[in-house]
Every structure is written in C-alpha cells, then in structure tokens.
Amino acid sequence: MVKTQRVVITPGEPAGIGPDLIVQLAQREWPVELVVCADATLLTDRAAMLGLPLTLRPYSPNSPAQPQTAGTLTLLPVVLRESVTAGQLAVENGHYVVETLARACDGCLNGEFAALITGPVHKGVINDAGIPFTGHTEFFEERSQAKKVVMMLATEELRVALATTHLPLRDIADAITPALLHEVIAILHHDLRTKFGIAEPRILVCGLNPHAGEGGHMGTEEIDTIIPVLNELREQGMKLNGPLPADTLFQPKYLDNADAVLAMYHDQGLPVLKYQGFGRGVNITLGLPFIRTSVDHGTALELAGRGKADVGSFITALNLAIKMIVNTQ
C-alpha cells in the first residue's frame, strides 16, 4: 500500500482570497493530508463568512498521515499579528505571511511534508512591513539554499519555463549568459524527468530578439550565446529545438512535439499561457529540494469573503503536486 503523504499549504495574504480558497478546498476529500500553515481564527471566520463547514484538526507530526475528509483541515498554527478584515491590508501581517512561508518551507526541508502549495501573497505589504521580498520563488531559493531555481507555469496543455524572471526589460540581454542557460536548461530537463515522469523531455527554446535575431540583423544574442549552448547540450543527448521566434513558436506544429517551452523572459512566455488558461494555470518552482506549486493569480482583495473566488487554480495546483509526489516515489 502506498503511504499517505502530507502536503503543506500556505493561504498567503490573509485579507485576500487565499483563506477563502483554502476553505473551498476543504469541501472535498483528498488522498493526502492537507496541513494548513495559518491562523485558526482566520480560517474559521472566513468559513463562517462563506457559509461553509470547517473543522480544524491539530497537526500531529508523530502520527501517520491520513487522507483528508471533506469539511476538515489539519492546522499547523501561526498567529496573526493584527486582526483581519477581508479586503483590507494590514502592514504588520506581512510578518505573519513570511512566518507561514518559512515554517512550511522548513517542514519540507526536514521531511515533514511531501509538497508545498502556496496561495497568493501581496508583495507590497510584505515590503511595507520592512521585509525585502521579491516573490515566493526567490524566498524559497534562498531559504533552501538551492543553487538555482527555475520558474515554470503550466496548464494541462502547456508548460512554459523562464530563463529570467522579475527583471526590468533593459537588463535581460545582459542576464542571458551561457552559464545561466546551461543551469536553467539542466534544471528544466532534470525536473521534467524526475518530477513529471517524462523520460526524454523535448524542449522548445525561444530566441531573445524578434525573429530570433534574423541571422544577426536584429541582435546577436542567438548567435553569440543561445545557439552555442543548445549545440553543447544536444551533444549531451538533450532534445532541444531552437532558438525559435517567440511569435511563431506557440502553435500546434511546434507545441504538439514538445513537453515544455523555455522563454527568455517573463512577458515573452507567460502572456500566451495566461491567455490560454488563466484561472487554470499553476506556478511551479523547479530546482528546489522539494515540490512547490502555486496558484497563478493574485490576492483579489475585492473578492475576499464574498464567496466569489474561483478555486480552480488551487485545485489544479494541488492535483499537480499530488501527481509529482507519485512520480518521485
């Protein structure tokens, strides 16, 4: 019999829709135990606002994990710094959010949890609380002391990884170095094999410039950097197609023969994916020593506590994490 696993969940910004989505997740059965790293009153108050049943069970790390029954969650308590009003940010709770992320991350690193799923955070309020914070990806990279991580977003039909993430456009060309591409492609290839169960990953690689540089007439990064790296990695046996112009890569004749796309920067690859599957997408951090998935949307403060938040992306993120757990066992 396969051992039941524990998955830890962080709701994210307490004034946003994260707690709503957690309560909605609890309304169905799950084959894993859902351990929510959060404030108890926050969850029970939000459940009452939504008119949904919720029983919180204490987290018992020394007891065997049990599949989650509908209407329940396992609670790993972290106490709010300030009381929460749905839809209204409180700066001090930026500390609370980071505490939940740190505890969940540490639990994955010490083997308590098989995967981590994160709800949406408000980066601005965390920084306003005096905590430098760029995003989940960078936070987990630093805390886990990972050498390098890669952001990938996915729907059921498409996976897009990023060579660079939250950089100003003016800095991207300088950031695309041979060392970076070697690292990113190696991590992408490795995790597609080990976490997604793809024996021989096929990766499409975008060029950096319009028309992938047009033979050097619209930029030379393809000739100077991208093509040499791809040739070296092909010699190692990787199946890489590119560099291809990003404006024509996202069509069936290419995508039907690929397992993932590597875009050179954030707004090159993600608009297509989000147009195709917004609300159904999942953010995955590759290169971490544990499985981490996340929703692909923000805090939606205006919807908090109103029963109008769509739980679809959270369900997809949890289901994908469960599949990845199975692939790594």
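We count from 1, first residue shown onward.
Just so it is clear, glycine is given a Cβ too, placed from its N, Cα and C backbone atoms.
Feature annotation from Swiss-Prot assigns substrate binding site to H136, T137, K274, N283, R292; the stated evidence is sequence analysis. Of all Cβ atoms in the protein chains displayed, 27 besides its own lie within 10 Å of the Cβ of R292 (substrate binding site).
Over all protein chains present, the Cβ of H266 (divalent metal cation binding site) has 18 other Cβ atoms lying within 10 Å. DSSP assigns H266 (divalent metal cation binding site) to a helix in the three-state reduction. Summarising the annotation, Swiss-Prot assigns divalent metal cation binding site to H166, H211, H266.
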Using other CB atoms within 10 angstroms as the count, which residue among the binding-site residues H136, H166 scores least?
H166
Give me the long-range Cβ neighbours of T137 (substrate binding site): same chain, 6+ apart, Cβ under 8 Å, in sequence order.
V149, M151, T165, T285
Any idea what DSSP makes of H211 (divalent metal cation binding site), helix, strand or coil?
helix
Please state how far apart, in Å and to a whole number, the two most distant Cα atoms are among H136, T137, K274, N283, R292, the recorded substrate-binding residues.
19
Spatial separation of H266 (divalent metal cation binding site) from K274 (substrate binding site) - C-alpha basis, Å:
12
Helix, strand or coil: which one is H166 (divalent metal cation binding site) in, per DSSP?
coil
